[in-house]
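Some notes on the structure that comes next.
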Amino acid sequence: MDLKPIVALDLPDPSEALKLVHLLRPHIDFFKVGSQLFLAGGTDIIRRIIDCGADVFLDLKFHDIPRTVFRAVTEVVKLKVKFTTVHILGGREMLKEALEASAGSDTEILGVTVLTSMDDRGLESIGIAHAVEEEVLLLASMALEVGLRGIVCSGKELPLLGKLKKRASILVVPGIRWRGAAAYDQKRIIEPGEAKKGGATHVVVGRPILEAHDKVGLVQKLLCELNAIN
């Protein structure tokens, strides 16, 4: 299985998040910490997950003036997380500063294209007149030209990114749902197997696992599905 699943710890309570890490750790070795859990648990939650032998994806989606992002990424690197995110919309200079701050570290900077909660109408409402697919291609192309190696996009755009002259070596896909499951606030969703077929290197699964009665069972189902696809 080349594609690696990441479980999103979208929980308000650090102790509950750590319980879930311990429960799933025999099967999963990569966990995402977003803004809610990071604000609740601080840097300690990052260290405790890493102490469990797992990698951490710190998903704070930095989008600020270039020097502020440089300073933020400088602090993130000290935590020894595997991935962290910046909004590509912050522009070339901001992306360059993020890369400079992470240089020489093991922390990979991922560029966020268009949130999976957005669709064409959502983009139009904030003044972006073209379709999601066009915006994702534009942003991903710019990020890769600047030097980022990783892109975050929905599974719907994977085929388009595969046609770019410069390819991303890391493609992280959130918005993972099984057929028939509630989409909630996600607009652009995909099943895990389809994401793998499309070329994703990582899928982020949160709510389906968090809300499952048998969390381990669902993770095992996920791994079986991914292993079955060559």
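Each residue's number is its place along the chain shown, starting with 1.
Glycine too: its Cβ is placed from the backbone N, Cα and C atoms.
Features of the protein shown, as given by Swiss-Prot:
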- Lys61: active site, proton donor (ACT_SITE)
- Asp10, Lys32, 59-68, Thr116, Arg177, Gln186, 206-207: substrate binding site (BINDING)
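Distribution of Swiss-Prot features across the structure.
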residue : record                 : DSSP class
Asp10   : substrate binding site : coil
Leu60   : substrate binding site : strand
Pro66   : substrate binding site : helix
Thr116  : substrate binding site : coil
Gly206  : substrate binding site : coil
Open item on the list: Whole-number answer please: how many Å between the C-alpha atoms of Asp10 (substrate binding site) and the residue listed as 'active site, proton donor'?
Closed with: 15
Task: Neighbouring C-beta atoms (10 Å sphere around the C-beta of Asp10 (substrate binding site)) - done: 18
Open item on the list: Quiz question: given the recorded positions Leu60, Lys61, His63, Pro66, Thr116, which has the greatest number of C-beta atoms lying within 10 angstroms of its own C-beta?
Closed with: Thr116
- [ ] For Gly206 (substrate binding site), just count the other CB atoms lying within 10 A of its CB, please.
- [x] 18
